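Notes follow the structure.
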Amino acid sequence: MNGKRKTDNLKKSLKPFVIGVDARPLSTPVSGVGRLISATLKGFEGDPRFSFRLFSNRPLHASHSSLIKLENVRLEIGQGYLARKGGLYFGLELPWLLRRNGIDLFWGTQQVLPPFFPGNIPAVVTCVDFVIYKFPNTMRWLARLQQALLIRWSAKRADKILPISRAVGDEAKSYFKIPESKITVVYPGYDPEDILRAPTKPPTKRLANLPSKFFLSVSTVEPRKNYGFLRQAYQEYLTMAGRKPRLWVHAGKAGWETPELVEAMRAESKSGKMLWIEAPSDEELHYLYSKADLFLFPSLYEGFGIPLVEALAHGKQCIVSDLQVFREIGGKSITYKKTDDPRKWAEALQSFCTKPWKLPKPNLKKFEMLHSAKLTRDVFLEFLKGKSN
């Protein structure tokens, strides 16, 4: 008993390692990177060895505000002219803030480090995807410029690369010519408790009149997500389905570079041809997952696919594009379709409605939040061993 008390007292007396975090994605509504950061930080809750400094040019969005209630998390919001733009803040103010705050290690959550990054601070960089090389025109110009200038240098400068899937890890090795020893795959973790806590009743008015059966898709509406294709497939399905078609419900933000599609989907949502839940809360998302009977993901390219993992965790059948990373996630538990013909997707939708199939449940253990946090913790400690706390 005395030994345990001494251990507890020792833990309390230790000065925690200070981890700096590029927290800019937490200042916007729910996104893939924002959810990755949030899940990782929650996985560190209660570990006295770590103290996180979240650096952002803007306050946290309401959907992430609970993070500042964690005991080992502190928010540092940029001030003045440089904080007006995320890119300026990241490139010019953040390096100075890292020096001033005595950071032991920096976690670059958006696959780049600032150009004047301090040479004496170890850096771990999460690698999300390679849209910069595959679909550069779908990126905002400033983000595209930042990635083009910094991503290769950041990969070389970083002490460790954390790709969010094996597929991205293989791409990183190919693009940057870095060894496997520099890579640790850390999947974006989902929280099984979120699945169990899914509301049984509509959490908001806009979800109050959902039909008992519907198709669901989840993510930002942007070109590589391929919702123009899914919209075509759904319109073809409507001609096949007759008088009682299933409703297509989409949940996610309006993105960029697709104003015509965004306006068309908004108009169709307003007229009742489909339903678009823009900028959904986590509570709304999990209610939708729990009530949907088929999940759809037609993306042309993904680094991972948290919505797919969450749909599978809710026990949903899924039709997705035939991507390597989707097979990495779901294996034989998913129906894969090429995205060369919307009619084939329409036929698959109609087939499911006529005679629903049930594929075997996947093993999602390696995608759980605590498992991902443990892998991240091990990487952090690898570069903090030489530092006294």
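Using the three backbone atoms N, Cα and C, a Cβ is placed for every residue, glycine included.
Here TrEMBL flags 68-193 as domain 'Glycosyltransferase subfamily 4-like N-terminal'.
Across the domain 'Glycosyl transferase family 1' (208-356), DSSP helix (H, G, I), strand (E, B) and coil residues number 72 helix, 27 strand, 50 coil. The domain 'Glycosyl transferase family 1' annotation in TrEMBL covers 208-356.
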Summary of DSSP states over the domain 'Glycosyltransferase subfamily 4-like N-terminal' (68-193), given as helix, strand and coil counts: 61 helix, 20 strand, 45 coil
